[in-house]
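Quick look at what Swiss-Prot annotates:
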BINDING   LYS254  ATP binding site
MOTIF     10-20  motif ''HIGH' region'
MOTIF     251-255  motif ''KMSKS' region'
Amino acid sequence: MSEIRTRIAPSPTGDPHVGTAYIALFNLCFARQHGGKFLLRIEDTDQTRSTPESEQAILDSLRWLGLEWDEGPDVGGPHGPYRQSERMDIYGKYALELVEKGHAFYCFATAEELDEMRREQQARGETPRYDGRGLTLTSAEVQSRLDAGEPYVIRMKIPEEGVCEIDDMLRGKIEIEWSQVDMQVLLKADGMPTYHLANVVDDHLMQITHVIRGEEWINSAPKHLKLYEYFGWRAPVLCHLPLLRNPDKSKLSKRKNPTSILYYKRMGYLPEAMLNYLGRMGWSMPDEREKFTLVEMQEHFDLLRVSLGGPIFDVEKLSWLNSLWIRENFTIEQLAQRLHDWALNKDMLLQALPHAQSRMTTLSDFAPLAGFLVSGMMPVTEASFASNKLPVEQQKEFLQFALWRLEALRTWERDTLFAELKTLAEQMGLKIKDAIAPVFVAIAGSTASFPVVDSMQIIGPDMSRARIRHAINALGGFGKNKQKDLEKVFAKLSEQGEEPAVNH
């Protein structure tokens with residue numbers, strides 16, 4: 001048997017997600033258990049959304065958890081480069097190879113033509129999908145349009161009938177009718193590959209033997225398997241893990257619970273406990289013990305024992321497990337060092353002291369001034385907002401609109417944060433001083449604090465959003481109907497002036 005090679009391939013387009021860590025953990029344990037290699041590849045073909053800051057946050061977060069990869073963008077390896085943006089010269093030739101073999105074709109349809117196609121399909125009660133119009137062009141027509149410099153994409157051909165059988169390591173045989181699979185774009189008009197082409201090409205060139213990923217990719221598996229067949233390559237073994245769920249069984253979403261690893265790090269969760277908890281997502285030790293280390297998990301790991309029932313990511317259970325680790329796994333000296341590294345690290349002090357120094361008479365003043373920077377949720381109630389000028393309901397609405405704008409931000413620094421809040425206040429016809437007061441309370445527990453955008457920059461996007469969300473709930477939150485009404489108002493507000501800096 002050849003060497004087992006697995007990978008995690010995150011896109012650096014946002015905060016490092018606990019779901020990424022969960023998939024990475026299972027990939028690493030499977031590879032290590034078989035004496036194989038675990039790779040990290042950055043899938044940053046979406047250059048409008050990908051950022052170096054997000055990539056670094058992903059690497060730092062996974063390392064904080066204790067996950068190490070054998071090959072990757074920061075450690076190198078024999079199959080690099082490990083960023084897709086640095087492999088752009090590779091993908092085009094493979095797309096053209098498929099065209100030459102008759103497995104893919106040029107499509108010159110404009111966005112307007114495709115929109116019209118979808119409208120006509122919907123009018124007939126059909127599911128909108130590409131109708132294969134590019135396949136009707138003759139070779140001469142294609143060449144003529146290429147010579148004329150018309151923009152095009154390259155799409156893969158899909159069987160018109162029959163069933164694709166997917167042999168899944170966990171789920172057995174999965175059947176998907178080819179009629180449900182679209183003629184996927186492989187190469188976009190700007191020459192950039194889509195996820196599907198780049199993913200298959202890279203997995204082959206990096207000799208990945210097992211693709212262990214979330215179940216949301218099951219519907220893409222027919223396209224991927226067909227691409228392997230078209231290229232004449234051996235497909236890797238597929239294994240689709242169940243998605244993490246909220247306690248109400250809904251898909252894990254930052255709208256309901258914090259999903260960023262950085263949030264849990266900022267809250268003071270231990271990396272050992274976090275990794276332990278993720279290891280229990282659909283899997284358990286043979287002896288059913290609650291607590292185990294990464295080394296112990298690797299030793300006993302069996303991918304076939306993963307349960308397909310949606311694993312529940314319950315913050316209360318994570319907190320309980322974290323408390324066990326704190327009480328049972330550390331000496332006083334070790335715990336003192338952890339607390340020092342977490343709360344009194346030099347980086348945090350250097351960010352906080354410029355704001356605290358002018359307000360300090362003695363060193364003991366620092367704790368009450370800056371303690372909120374290393375706290376969890378602020379102990380706010382409706383009374384905490386009573387002294388602010390705006391009515392409580394209007395404060396709550398501003399917090400909700402601010403949260404939506406901040407969730408869409410791609411950069412997190414004080415000037416950008418202030419610009420977002422100022423623009424929102426102007427759109428709502430409010431003075432910035434009045435509008436921003438509830439944000440002060442949400443972030444610091446009081447309006448008597450450091451400049452709020454500086455505080456938000458220090459505690460970071462995950463904790464800032466979580467505290468604002470907590471404050472909204474402390475003010476009573478919103479019912480479903482009110483939430484829908486606010487979404488409509490927010491959309492209109494955004495149209496009034498400068499659009500939020502969103503991830504388009």
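Cβ coordinates are placed from backbone N, Cα and C, and glycine is handled just like the others.
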I need to check the long-range neighbours of the motif ''HIGH' region' (10-20): which residues 6 or more away from its ends have a CB within less than 8 Å of a CB in the stretch?
40, 42-44, 46, 49-52, 54-55, 57-58, 60-62, 214, 243-244, 252, 254, 259-264, 278, 313, 461-462, 503
When the pLDDT values for the motif ''KMSKS' region' (251-255) are averaged, what is the result?
76
Composition by DSSP (helix, strand, coil) of residues within the motif ''HIGH' region' (10-20):
3 helix, 1 strand, 7 coil
